[in-house]
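Taken verbatim from Swiss-Prot:
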TRANSIT   1-37  transit peptide
BINDING   558, 562, 587  Zn(2+) binding site
ACT_SITE  559  active site
C-alpha cells in the first residue's frame with residue numbers, strides 16, 4: 001500500500017443541499033438496481049463458473065429472458081466512466097491533476113476565516129484526488145492483463161507521484177497549515193480529528209525537508225521519484241531466478257536414487273554430460289526432496305534462490321538512494337528516518353525486539369531441526385549431537401525438504417494428505433464461511449453483486465458488496481482470485497478508493513461510489529481489490545472447482561483481515577481511513593484473521609466436501625495440522641532473520657561506506673551470524689520483494705503477530721464467534737483506522753493501560769510474550 005506523505009484532513013459534514021440530494025438519489029437508484037440483480041449464494045458464484053457467466057451476461061447462449069433480466073450498463077473500471085481504455089486512464093489522471101490544481105489555487109488564496117477553518121479538510125480532499133489516481137495506478141500496473149493499460153498506469157503514476165512530492169515540499173502550504181494550528185481562534189473550532197490530522201500533516205511536511213533550502217527540497221523530490229522508479233523495477237523482477245536452468249553432471253544425479261521417471265523428463269546439454277534442470281516448474285523442487293547427494297541439492301537450492309546480477313544492482317541502488325535521502329534529511333540512517341511516527345519509534349527498539357524474539361526462539365528452533373541433524377549425521381557417519389550450535393551448523397537450507405521427506409518415510413503418519421483436506425475447502429465454501437464469521441462477530445455480511453460491462457478487468461472478477469446490518473452498504477470488494485497469466489504471484493490487498501466524508505460543496509460523483517450514513521450524510525465508499533492466484537481444477541466436462549490448501553485458506557483470511565480494516569475504519573478523512581495507519585500496526589487485523597483460519601471450530605463449520613456435502617471431521621483436521629506444524633519456531637526465526645536483514649540494509653553503516661557497501665556480502669555475513677539454516681551461497685536478498693514496500697519496517701509482520709496472538713487469546717480463544725468481543729475489537733481498534741494512537745487501541749482491547757504510551761518497555765513486553 002502506497003502511503004501519501006502529505007494531505008490528510010476532514011470536517012463535520014452537513015446534510016447536502018436539495019439539488020445535491022437529487023443527484024445522490026439518482027446515484028442510489030443505480031446502486032439499488034445492482035442490488036436487485038444480485039445472485040444467490042456466495043458459494044455458487046465462486047464455485048459454479050457457468051452460473052456466474054450466465055447471470056453476469058458473459059454466456060453467448062443466454063436466453064432472451066436472462067439477457068433482459070440481467071441487462072447491464074456500460075461503464076469503466078470500478079464504475080469510473082473514464083476507465084474504459086488506457087487513454088481514458090490518462091484523461092482521468094489529467095482531469096484529476098486539473099482538479100487538484102484548482103483546489104490548490106483556492107486554498108492558497110482564501111484568507112477568510114472560512115478558508116482557514118476548511119483548510120485541513122481541503123488538504124484531505126487534495127490528497128484524495130491524488131490518491132484515487134496513484135492507488136488506482138498501483139493496482140492496474142500490478143494486475144491488469146492489458147499491457148497498454150499497464151503502461152498508461154506507469155506513466156500516470158510517475159506524473160502524479162512527482163506532483164505529490166512537489167506538494168510535500170511546498171513551503172506556502174506548510175506555512176498556512178502552521179498558522180491554522182497555531183491560531184487559537186481557528187484551532188479551537190476544529191474537530192479533534194482535524195487537529196490530529198493537521199499535526200500528522202505538519203510532521204510529514206517536516207519529514208520532507210520543508211525548512212531546508214530550495215536546492216535540498218528539489219533534491220528530495222528527485223530522490224523520492226528515483227526511489228519509486230527503481231523500487232518498482234526491483235519488485236517487477238523478484239520472481240525471476242538468475243538463470244533458466246542449472247547444469248548438474250549426469251553421473252551425480254544418476255547415482256542419487258532419484259526417480260528414473262523424473263530424470264527422463266530432464267533435458268541434457270549438447271555433449272550429454274549434464275542434465276539441464278529448469279529453475280521453474282516442479283522438477284527442481286522434486287529433486288530437492290528426493291536427491292541424496294548434498295552437493296546436488298546445494299547447487300539446485302542456490303540456483304532456485306538466486307537472482308541476476310542486474311537485480312542485485314537494482315537492490316543496491318535502492319538501498320543507497322534511501323541512505324542518501326536519509327542523510328539529506330539529517331538522519332543517521334534510513335531506518336531512523338522511516339521509523340518516525342511508527343509504533344516502534346527508533347531502530348534500537350526494533351533491533352532489540354527482533355533479538356529478544358530470536359533469543360527466546362533459537363533453542364526451540366534447534367530442537368525442531370534436531371531430527372534433520374540426526375538423519376544427516378547418520379548419513380555422514382558422524383556422531384549424534386544435542387548441542388544447539390552443532391545442530392545448527394550441520395543443518396543447511398537445502399537439507400530441509402530432503403530430510404523432512406525421509407523422516408516421514410521412516411515414520412509414516414496416518415494423517416490425511418493436503419489434497420484430501422482441500423476437497424472440503426472450495427473457494428466458495430471459504431468465502432461463504434468468511435461472510436458468516438463477519439456476520440456473527442461484526443454484524444456485517446458479504447453480498448454478491450452483478451457488475452456492469454467494463455467494471456472489471458477480467459471476466460473472472462467477482463464483486464462483493466459489504467453490508468452492515470445497521471448501516472446498509474459500507475464498502476465494495478472486487479475479488480480477483482483465480483489464476484491468470486501475467487498476474488502478480490503474490491496475494492495482495494489493494495486500496496483503490498478510501499472512505500471519507502463527502503462535503504456539501506461536492507456535486508460530481510461520476511467517478512466514485514457513494515454510501516449514506518445513518519444521519520443522512522454521505523461518504524465515499526471504500527473500494528478495495530483482493531488479488532490471489534488460486535488454481536481451478538477440472539472435475540468434470542466443462543466444470544472446474546478451486547480447492548484451497550489450508551495455507552491458502554489462511555492467505556485468504558489474512559487478506560480479508562485487511563479488507564475488514566478498510567471497510568470498518570471509516571473516518572471523516574481519507575488519509576487516516578482503513579489501512580492508512582502506521583506500517584507496524586497495519587498487519588495486526590490481517591494476522592489476527594490467521595488465528596481464525598487455524599481454529600478447528602471455524603474450519604469444521606466451513607469445510608464441506610464438494611461431492612457429498614459432508615462436514616469435515618475435527619479429528620481429521622487435527623491430525624493433518626499436527627503433521628504440518630512441526631517447524632513453527634523455525635518459521636518464526638526465519639521471519640526474524642528477514643526482519644534483521646531489512647534493518648541491516650537500512651542502518652547507519654550504509655552512508656558511512658556507501659561506495660563499498662555490498663548487499664550480497666552483507667546478506668551472507670548476517671546469515672552466518674544468525675546461524676539458523678545459513679545461506680552463504682545465494683544472493684536471495686535480490687528476491688526479497690518486501691524490501692521495497694516495507695523498507696526498514698519488515699519487522700511489522702513479527703511485531704503484529706505477537707500482538708495478534710495476545711488479542712486472540714484474550715478475546716476469541718474461548719469463542720471465535722463471540723459478538724461481544726468482535727464488537728470490542730471493532731469499537732476499540734478497527735473503527736479508528738489511523739486516527740487513534742495504535743498503542744492506545746491495543747491497550748484498550750487488552751485492557752492493559754501500561755501499553756498506552758508505547759516505548760521500549762511496551763516493545764519488550766510484546767517481544768517477551770511471543771507465542772509461537
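Note: Cβ is positioned from N, Cα and C throughout, glycine not excepted.
On a predicted model such as this, the values are computed, not experimentally measured, just so you know.
By neighbour count, meaning other C-beta atoms within 10 Å, the densest spot among the binding-site residues 558, 562 is 562. Counting only the Cα atoms, the space from residue 587 (Zn(2+) binding site) to residue 559 (active site) is about 10 angstrom.
For the recorded Zn(2+) site, residues 558, 562, 587 set the reference point as the centre of their Cβ atoms, and the other residues of that chain within 8 Å of it by Cβ are 493, 559, 561, 586, 589, 590, 591, 593. The Cβ neighbour count for residue 587 (Zn(2+) binding site), using a 10 Å radius and every protein chain shown, is 24.
Under 8 Å, Cβ to Cβ, and six or more positions away along its own chain, residue 559 (active site) finds 491, 492, 493, 530, 532, 590.
DSSP assigns residue 558 (Zn(2+) binding site) to a helix.
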